[in-house]
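Asks: Got a structure for you, questions after.
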């Protein structure tokens, strides 16, 4: 997988020469290996914890845990905070690890698909991950396109072929692509093996409906457009076979350029809850300040008279310092104004195999099949919301019973 993450200098234009790997390798183009996973064994723990502590509530309870480890200000056992915090972090980490495991599995499955590549005049079976820019690939009916290809020839008259682009734009109707006339006659392996045309085109980008380039061959140049391209993710339909020249591979393909990097997803509900927690924490600080000031005043005006019976701790030498320690003690005592069940409600979505976003509001949703998908989305969202509301009631009941037992 090292090839997947190899950094390369930015491109101004793409040059690809057919049947000449040595020439193409000097440009350090990406291999056809893809990587959509976020973690590996070494990075999972630190990266996942970093992502989880971007939730304000998790950071808040970690802060409380640190305070509870200080004996001068702690009035509650650290066990009451660390158990629910570790439970939430663990369940979320297991969910994230499971999701990433399936990403790794999917990547391996795609990278190890077989494709027919023309090497040294012979069609050979190669894994998708070993396909390089400039290779000529043979596709057969109902096969997925391994990379972004320039269509050279096909079994249909005039170099036509039919593709399905459901994975790119959601449309299942057939689309027509056509090879340029000068290459449409290259149907024989012997002719393709001698083909040494060079394509100069735009650098990798995410525009699915645009392509501009030029084919230089036999001291002539021929313009190229999107109608001559087969993009990765398409499926060849109603065409016995076709040949294509690899222009973009792996992360440079338009499909992968549109997918972007896998990121830590944050819904509007997450952002709202983070804001609420900050407001609640501000309210908690205000209460702590008021109570600490009251404690300092009482110690200065009244408590000083009872030093014989109620002496200060050894570390406390003034009423001000006593109020300062009391402030943190009140923060710990009143910490339940931010219940951790606010965030626990998202974790059990694993039970139904639902994503974190399934219960949240959707602001924008674009699709070519808007009407049918909208109805499916409504039924799914209503079911999910009912489950989450019922679960939240159970969690709050359990939480209140736990607090009452202390």
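Every residue gets a Cβ built from N, Cα and C, even glycine.
Worth saying up front: this structure is predicted, and the values here are computed from it rather than measured.
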Asks: What range among 230-252, 253-275, 276-298 does TrEMBL record as transmembrane segment?
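Replies: The range carrying the transmembrane segment annotation in TrEMBL is 276-298.
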Asks: From the ranges 183-209, 318-344, 345-371, pick the one that TrEMBL records as transmembrane segment.
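Replies: Result: 318-344 is the stretch TrEMBL calls transmembrane segment.
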Asks: Which range, 76-94, 95-113, 114-132, does TrEMBL list as transmembrane segment?
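Replies: Within the set 76-94, 95-113, 114-132, TrEMBL attaches transmembrane segment to 76-94.
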Asks: Along the domain 'P-type ATPase N-terminal' (17-82), what average pLDDT does this model show?
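Replies: Averaging the confidence scores along the domain 'P-type ATPase N-terminal' (17-82) gives 86.
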Asks: Looking only at the domain 'P-type ATPase N-terminal' (17-82), how are its residues distributed among DSSP helix, strand and coil?
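Replies: When I sort the residues of the domain 'P-type ATPase N-terminal' (17-82) into the three classes, I find 31 helix, 1 strand, 34 coil.
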